[in-house]
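Here's the structure, in structure tokens; my notes come after.
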């Protein structure tokens, strides 16, 4: 068992990071970004130049009943494809040049140019791809983004829970369980009380309860955190499914018919074209999400709470030395993480569906975990990663509706392929909080 | 293997072994003393040292008083018989048994709480408590009784041959669980978390199935080729993860999750595309049936579902055991898993180890996919052929503590739950989901011996009740 103890500890990325630090200390020139961009350039040459599709594609920027309507852009798919491909090749060349300048340009400048190039590259590729895939149709830009936000909300809540928990030093694989517990309890309480707000509170309590178990086992009993997380997911899935089939279905009318949170338009802001309907005509839970993301970001990096939290996650011994109670800090912050993730679960029942279904979270917790790692344990980056996942799953819905030239399975696969390429090529080494996953034994 | 023992100093360990041999007969006396936990003046101090191992000889009669303080303060040492009992109570068998027991008790409470009869009788509990307890007993014993009869032996049948059928079903269900558990456990031992079971199983099942239904061959060559094709596909799918992790430093958790989805959509596409995996003339996303020559033969005759796969998996377990514990490759695997930095310094090629370990893990999980297509559902595959085994395998590996034979036993236990769970749902109307609750509780409790000790008031190996500060304990239990 002592073997197991040490081997499961090394699941943390920190250890991996240390190895490659040894291996790659002198390799300053990184070709990963260049190679990734080159790969995508090849894809775009094949799709847009070798197999172009002819016809017009419209980009619709506003709905019919919007206050301010923007004209629909009509572009020729083949021309757009060619122009964008040239741009992509140029951007790739730029990144290659920047990589060659390693040592001559300041690292900061290099990073800035590379990041900017990657962002422009991604946007341009997306435009060309949409124009190519939806020839003869209009691309409902607003609808696409609106769907993105809806699909991302639970992911973002889950990711925030993950960020807090991992930053304080407890690996949170149990996001899935927290989401599911939140979904179950919010549906039941909201149905019983008739108030969605009571449902939100219940979701937070449920998330906290799951966190309590995680924290108790990880901090007090020092069980490997990944193990507790995985097992908690199975436990919550089993519990909610069991209670669903033996309690909720017997009296679905009173127990599983939750009142839903309806969208609330913010006056003024919701009239802004594109952004308005996407961001400011949403249910209250989405506004809560904006606040949570902002608070987590500010809290982590600008407050004493965040400083202590990060200290405990990076170097618990040092934190302990200066008088921070490591176990208590971890316990309460993991609980907080559970409350936030629980809110994400409420989104499924109180906003999307209106009732609880067996295993309705369907892997969102794991995607949120991926967003945390993809976003390098940073709340803003993790949010962006979650939005990317949401965008990708929504994109295929839109494409499936018009009948895309590529088999729909490949469209569905795309977000995951992009993630792998991004993780392998652009993000690379993800270095988490140093003490994440390691129990702290005082003394 | 008791973790607490390993953390001990050799002198005290040897000391304990000696006392164990001498005072094994005093267990009953120890029951009282161990539960009281009040240190009693020790007779061990005056016990003869004869026959003690070398290490204990170093701690001679005088030294015992000072060498033992890791256990208790000098002069206050408790009877050795206490320790013997504590050894037994803290042994992995007893703790595991108690973990299973408490998980079943909690499961029973849930079954009782959701039972209609119980709820009804609880309404007039104070008038007739007997009704209530009767209803609880009926609900819980009925559920667990049918779970047992569905998993081990059906007493309702007349002869042994049909009565034992549930046990063979259990082994059939256990077969892919063990194979996939070995894959996840092997990765754990190298410090990698393989959540990619689903993807690895799907590609392996597709490859084995494709060989199985497309190329008519004599059985002695067809079956091995089909199995090998599946293993290779799983190994490649797992190897991709190892390769990307080694070359780019990408995190294996993200990679395996993403590859699960990619495999799912890839196989879904192939299953609905004529000419790839779809059965000719069909519109369903399903492959043709596997040719007779590639189906794993039933080893107990046509009355039982148990197929050759179980033997293959048993051999695989032995193979993994040999690889991990007896081969130099396995030594490198474990070295990297224990401390990659130290392994690197010691000259192990850590990156290559990741690639090979993930490929092997993928191959083993792939074996589970092969078992599913060539053994369980040879009438054709769908994209749901993995049946959640890729995720169940994680719990199996955890329960088996990533040890090959531990995984083997855990797989059989979970197979029994699976076989019995369906029987329980059919006959008692208790949702099969309760099985998931009990399974996860077992793993949770087994992972936390201090909690089990606290529940059953068992003193920790160092003589302290777990309520006291957990300094020594805690080090040992972090797995």
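Placement of Cβ uses the backbone N, Cα and C atoms for every residue, glycine included.
Automatic, uncurated: that is what TrEMBL annotation is.
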### Message
Need the matching range: TrEMBL marks transmembrane segment on one of B:139-157, B:196-214, B:253-271, B:272-290, and I'd like to know which.
### Response
B:253-271
### Folded-back contacts onto the transmembrane segment (B:406-424), same chain, C-beta under 8 angstroms, at least six residues removed
143, 146-152, 166, 169-175, 177-178, 181-182, 185, 314, 317, 392, 395-397, 399-400, 430, 432, 434-435, 438-439
### Message
Tell me if the transmembrane segment (B:93-113) touches the transmembrane segment (B:436-458). I count contact as 3 or more CB pairs below 8 A, with pairs 6 or more residues apart.
### Response
yes
#### Entry: Long-range environment of the transmembrane segment (B:227-246) - Cβ separation under 8 angstroms, sequence gap at least 6
183, 192, 194, 196, 199-201, 203-208, 210-211, 252, 255-256, 259, 263, 312, 350-352, 354-367, 369-370, 373-374
### Selection from B:93-113, B:173-195, B:354-374, the stretch that has most Cβ pairs under 8 A to the transmembrane segment (B:306-324)
B:173-195
### Query
Restricting to the same chain and to residues at least six past its boundaries, which positions have a Cβ under 8 Å from a Cβ of the transmembrane segment (B:354-374)?
175-177, 179-180, 182-184, 186-187, 190, 192, 194, 196-197, 200-205, 208-209, 212, 223, 226-227, 230-239, 241-243, 245-246, 252, 290, 294-296, 307, 309, 312-313, 316, 320, 323, 329, 333, 336, 381, 385-387, 389-390, 393
